[in-house]
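TrEMBL has this to say about the protein:
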- 7-26: transmembrane segment (TRANSMEM)
- 13-141: domain 'EamA' (DOMAIN)
- 38-57: transmembrane segment (TRANSMEM)
- 69-90: transmembrane segment (TRANSMEM)
- 96-116: transmembrane segment (TRANSMEM)
- 128-147: transmembrane segment (TRANSMEM)
- 153-172: transmembrane segment (TRANSMEM)
- 155-288: domain 'EamA' (DOMAIN)
- 184-203: transmembrane segment (TRANSMEM)
- 215-237: transmembrane segment (TRANSMEM)
- 244-263: transmembrane segment (TRANSMEM)
- 269-287: transmembrane segment (TRANSMEM)
Amino acid sequence: MQSQDKTLDYALLGLLALLWGSSYIFTKVAVAEIPPVTLIALRVAGAALFLGLVLRIRGERLPRGWRLWGRLGLQAFFNSIGAWTVLAWGQQHVEAGLASVLNSTSPIFVFLFTVFFTREAPDARKLLGALLGLGGVVLIVGVEALAGLGESLAGQLACLSGAMLYAGAALHGRNFARVGALQTALGTMIWATLVLVPLAFVVEAPLSLRPSLTALAATLILAVSCTGLALLVYFRLVRTLGPLGVASQSYLRAGIGVLLGVAVLGERLSLPVVLGLCAAIAGVWMMNAGPRRAAVSAPGAG
């Protein structure tokens with residue numbers, strides 16, 4: 001099974017980058033009328049409801065065991081609760097371009113964590129791919145974005161911390177190979193809902209809001225597509241591409257944003273952006289080239 005074709009995995013990786021890359025558009029629409037903590041709470045609660053409905057339709061059950069649920073809680077902290085919190089704070093103090101570059105460093109951290117905290121031997125090709133992909137993001141965003149490095153250090157460290165948490169999520173996600181993508185995604189969203197919904201009532205006043213249908217529609221898309229569906233794809237790819245492979249989608253997100261701007265807003269592609277797109281794609285390929293991982297079968301794996 002190691003020699004299976006990776007075409008489907010690459011297609012799913014592109015879909016994941018599209019789902020998470022487009023989330024910035026829907027977040028911008030929704031957050032204009034819904035405060036950030038309330039928006040995140042609605043996003044994870046909606047995702048939990050969607051995934052729970054899918055679970056019921058498929059006639060499957062939630063995973064059992066306190067130890068497993070403890071691991072799901074830690075995964076929720078890495079993937080959503082902690083990462084989204086520090087990124088939301090950091091992006092208030094850092095220019096958008098630089099924040100995008102810093103947030104795209106998660107593959108670098110996956111590589112470093114793998115080398116220093118596991119016994120896996122470093123792979124020069126994958127490291128080169130990670131560096132090439134990051135260089136592509138810099139070209140896409142604009143080299144001038146790096147001019148702000150060293151300023152607003154706390155905000156920049158927060159963005160890097162978010163990337164580190166995403167890296168931790170990709171590595172920790174390997175613990176759920178026998179659980180199934182649907183159960184893992186739903187479990188993490190249940191944890192996130194239990195934490196973020198009460199927090200929204202503490203720091204904001206969600207019941208007093210009167211958002212428009214447009215804002216509600218954007219929130220629904222964020223919950224179902226950009227979170228629920230995206231997590232199903234994410235946890236499947238953790239099993240087939242591994243932590244570094246699934247983290248490599250962060251290099252594609254910047255390119256997705258540019259291509260959406262061309263398709264929707266009629267923006268033009270500059271030569272540096274085209275070169276950046278090519279570098280990002282080449283970097284992703286280098287990080288994922290080689291034999292396909294044998295996915296561990298799981299009851300109800302989705």
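Even glycines carry a Cβ here, placed using N, Cα and C.
Here the transmembrane segment (244-263) touches the transmembrane segment (96-116). Their Cβ atoms form 3 or more pairs under 8 Å, with each pair 6 or more residues apart.
In summary, the transmembrane segment (215-237) does not lie against the transmembrane segment (96-116): fewer than three C-beta pairs, each 6 or more positions apart in sequence, are under 8 Å. Panel annotation: around the transmembrane segment (128-147), residues 95, 97-98, 100-101, 104-105, 107-108, 111, 244, 248, 250-251, 254-255, 258, 272-273, 275-287 of the same chain, lying at least six beyond its termini, place a Cβ under 8 Å from a Cβ of the stretch. Counting same-chain residues at least six beyond the ends of the transmembrane segment (269-287), those with a Cβ under 8 angstroms from any Cβ of the stretch are 13, 107, 125-126, 128-143, 244-245, 248-249, 251-252, 254-255, 258, 262. If you count C-beta pairs under 8 angstroms between the transmembrane segment (38-57) and each of 7-26, 153-172, 184-203, the highest count goes to 184-203. Same-chain residues lying 6 or more positions outside the transmembrane segment (153-172) and placing a CB less than 8 Å from one of its CB atoms are 71, 74-75, 77-79, 82-84, 86-87, 89-94, 98-99, 102-107, 109-110, 113-114, 238, 243-244, 246-247, 250. DSSP assignment over the domain 'EamA' (13-141) gives 104 helix, 0 strand, 25 coil. Sorting each residue of the domain 'EamA' (155-288) by its DSSP state yields 117 helix, 0 strand, 17 coil. In the predicted model, the domain 'EamA' (155-288) shows an average pLDDT of 90.
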